[in-house]
Amino acid sequence: MTDELDPALIERARKLFAGDWQFIWASPSVETLPPMQGLEVAFAGRSNVGKSSLINALTGRNGLARTSHTPGRTQELIFFEGPADAGFRLVDMPGYGYAAAPKTKIASWTKLIHQFLQGRATLVRVYVLIDARHGIKDVDNEVLTTLDKSAVSYQIVLTKADQVKPAELAERVAATTEALRKHPAAFPEIVVTSSRNASGMPELRAAIIKLVAERS
């Protein structure tokens, strides 16, 4: 992905994400969502896949999104806003697939995620985070299918790539690419990242601002 992105774009993205990003809103239900303003880019994934860590790595602000070793801690849609010229917000979605949570809570999270995906006109893309150590699970496929049915554009981001051997990682990327052929709303390119060593972050930042520029 690096080869396809202009170095000037990567630098512009770095500067934008190094700006003043702040938490602005937490929504436990669609009734409490903030007014639609500008564009929104959301991050979805299984519990403990590294969504909050990725948002912190993107913005270079370790405390922006709260991280936790307890699966299922993020139970709301969390909105972050950047510099005035950014033109978009970041949305940290509740983690899914946490089997130990009460069934009523799982149902509530599922409803919130589905309603948000299907009714948010300002949402331009969902980045679905997949743990590079494990690949796409059944629960991930369920979410991808929901995105397909909702006609919401999404892209796969592999996380924790630093914890996978290079040969195994290449196989994981190939298998994920093949799996995406079944999903019409999926963007074909996969972003490989590590929040620990920041690999893939420049490319992901650049991809986001390129997308926002195209949709603005």
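Positions of Cβ are set from backbone N, Cα and C atoms, glycine also.
As recorded in Swiss-Prot:
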BINDING   45-52, 72-76, 92-95, 159-162, 193-195  GTP binding site
BINDING   Ser52, Thr74  Mg(2+) binding site
DOMAIN    37-214  domain 'EngB-type G'
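Overlay of Swiss-Prot feature records on the structure.
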residue	record	Cβ neighbours (10 Å)
Gly45	GTP binding site	26
Asn48	GTP binding site	20
Lys51	GTP binding site	28
Ser52	Mg(2+) binding site	21
Glu76	GTP binding site	16
Pro94	GTP binding site	25
Lys160	GTP binding site	20
Thr193	GTP binding site	27
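Distance between Cα atoms for Glu76 (GTP binding site) and Ser52 (Mg(2+) binding site): 13 Å, as a whole number.
Gly45 (GTP binding site) carries a strand DSSP state (E or B). Residues belonging to the domain 'EngB-type G' (37-214) score a mean pLDDT of 89 in the model.
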